[in-house]
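Take a look at the structure below.
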Amino acid sequence: MPNMEPTTKEIKEQKIYQEMGLTDSEYELVCSILGREPNYTETGLFSVMWSEHCSYKNSKPVLRKFPTEGKQVLQGPGEGAGIVDIGDGLGVAFKVESHNHPSYVEPYQGAATGVGGIIRDVFSMGARPIAMLNSLRFGELDTPHSKYLVSEVVAGIAGYGNSIGIPTVGGEIQFDPCYTKNPLVNAMCVGLIEAKDIQKGQAKGIGNPVMYVGAKTGRDGIHGATFASVEFSEEGEQQRSAVQVGDPFMEKLLLEACLDVIRDHSDILVGIQDMGAAGLVSSSSEMASKAGAGLELIMDDVPQRELNMTPYEMLLSESQERMLLCVKKGHVDEIQALFDRYGLEAVVIGKVTDDKMYKIIHHGEVVANVPVDALAEDAPVYHKPSTEPARYQAFQEEQPFVPVMEDVVEVWKELLAQPTIASKRHIYEQYDYQVRTDTAVVPGSDAAIVRVRGTEKAIAMTTDCNSRYLYLDPEVGGAIAVAEAARNIVCSGGKPLAITDGLNFGNPEKPEIFWEIEKAADGISAACLELDTPVISGNVSLYNETDGTGIYPTPVIGMVGLVEDLAHITTQDFKNSGDVIFLIGETKAEYNGSELQKLQQGKISGRAPELDLTTEKKYQELLLTAIREGLVSSSHDLAEGGFGVALAEATFKAGLGADVEVPFALNQLFSESQSRFLVSVKPENEAVFAKIMEQEKVYRLGVVTADETIRVKYKEEEVTASTTDLRSIWEGAIPCLLK
């Protein structure tokens, strides 16, 4: 039986539009735009297209702060992914996307379809996906549910990425109690493209057919975008129908077929876009709106895998592995023949019109007819009230945290056992990071590196964000996230080019949360301007709260850099006994927001570590110069756990040791001061390296040793640790916690 849909009168009087996600004022605005009351289908279209997830209605004023232009930018925000120029007619397309709410409800499918969606965003631009990264947040690994979420999310990422044949080469994971009921799953995809092949998501040319390609439409994921735009509750776990189910093998076929169309039929392809959040309504209305055109869709022609689907369900379904193409009139047969070779369905479901209306026809009747710009462009924009949280001033005035360091080696071991610091090998070993055989630096170093076939170049890539610093001070923390990403790229031999941002925050209707969003954007913008890394794509995920408890502000920074010559590739691990160890940067007693403060105090508080962007940029440029001149054997940025953790990590891979004398007291061994790098150079390169760095705060600490022992001295203080012991703790912590 067909579903009986509510009448316009019932929608208004019973306020059914509220259940669908529209406020009273938004419903009134829709009525005024249409000059009448919307029917059920139209109400659904507006509710999903005006959700935060699709319209950015709460975050647009903040997003306008970001610098988005630069000579390296080929495509900025507004399309499926951003693209930067790497020379020789090549570009790199990349974007990060969140799938947080679905991953709490159905962690395997939530994570898997997050991967599938971001891959489609990248190949819809005309780029071949060459790598995946992720940024994950979970609660502490002390409850069965947290362990279950970690295992299932990682399995979902691996299941989809491994099956489709795209290597998962890097990422980051942090564990904090605020993520227990609000896990974050951010996936980033990087693709390679010839600049001449860049596509747009547009439907233009009056009478041109619009084609639906890929999997059939089912009832999965209806209102997924609205679901991602509201606060969570315990009952939210029941919303499994709003989570989509993915098929990576179908996506692999879709990827190859779409790239074939772009390569061989670019003369007849007008536009291409994936069906992601809000499914068919979002992709089709956006494509028409961007081109200043209208659209007429015949819902009877939409491939359906379930019986009696209504236009409402077909338009809002978020079934996976579907694309929308606009092609030139008279060429449908060629496109269908190509998709046919891949065993994929490709059908005409509508055409471009010149009236700027979005018209939906079903069984010969017009079931929706609304201005296309009203859906895709004209959602109301809210300037939310913003209030500094009381904690911020308290943190500014608080006395700095001083750690208890009676036994330095014991503290060292405890830190290396913390899951945020410990080796993530247990996680990344589940990912195929060598498929396609271009991965030059595998997971576990500062940045992942993928070779560009047919050239001497490589792409460095990383995801970063220490959300604890943002909790203390969102502006400083936002800048640190960008600076750390750039540090990771530089340490690997790359020049930072641009970022994609995954802005994960709590409920923006709370003024304190909106303040966090604004301040984080200010910090990110300042760092991007200083480091010349414009924001070229991104994603906003708000309402990451459950039962009123929100997450730390977590703007994940995905950064891509260019390694101009494969010879410049540098990793974090010491290479040779006898190499000279240097520390670049100043160490202060900065423990607020640190892993050690969390460990010893059970919570974080106080003033965030300082960041001087001018100094940061100078150190990065000098280090990159030294790397490009072939002077650097290893390079590692100092992050969580500070110098002590970075030094230990540098010894682990080759089973080496270190004998160093540091310029700071041993109680600062685990300080998290910013803008610091641990570097090793061959003795014959020491003089030239020192000359490059001579005006800066650079310290010659000592040498790499052949024995598996670390000796650290400061004046009369000395501490010795076995790297074998440290490594076994570091490697064993996560497998042990997940048991």
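Counting begins at 1 with the first residue displayed.
In case you wondered, yes, glycine gets a Cβ from its N, Cα and C as well.
Going through Lys15, Lys95, Lys575 against Swiss-Prot, the one listed in the ATP site together with Tyr56, Asp501, Gly538 turns out to be Lys95. Site annotation for substrate in Swiss-Prot covers Ser98, His99, Asn100, His101, Arg120, Gln244, Glu318, Ser319, Gln320, and the matching candidate from Ser525, Ser537, Ser541 is Ser541.
When the recorded positions His53, Glu97, Asp274, Gly538 are screened for a C-alpha within 10 angstroms of the C-alpha of Arg120 (substrate binding site), the residues that qualify, in sequence order, are Asp274. Here the candidates are the recorded positions Glu97, His99, Asn100, Asp274, Gln320. The one whose C-alpha lies nearest to that of Gly538 (ATP binding site) is Glu97.
Of the listed binding-site residues Ser98, Gln320, Asn539, the Cβ environment within 10 Å is emptiest of other Cβ atoms at Asn539. Excluding the listed site residues Tyr56, Lys95, Asp501, Gly538, the same chain places Leu63, Pro77, Val96, Thr500, Gly502, Leu503, Val535, Ser537, Asn539, Val540 with Cβ atoms within 8 Å of the centre of the ATP site Cβ atoms. Distance between Cα atoms for Glu318 (substrate binding site) and Asp274 (Mg(2+) 2 binding site): 11 Å, as a whole number. Put simply, of the recorded positions His53, Tyr56, Asp501, the one whose Cα is nearest the Cα of Asn100 (substrate binding site) is His53. Proximity to His53 (active site), defined by a C-alpha to C-alpha distance within 10 angstroms, is shown by the following binding-site residues from Lys95, Glu97, Asn539: Asn539. Within 10 Å of Glu97 (Mg(2+) 1 binding site), as judged by C-alpha distances, the binding-site residues found are Asp501; the full candidate list was Tyr56, Asp274, Gln320, Asp501. Restricting the binding-site residues Tyr56, Asp121, Asp274 to those with a CA within 10 Å of the CA of Ser98 (substrate binding site) leaves an empty set.
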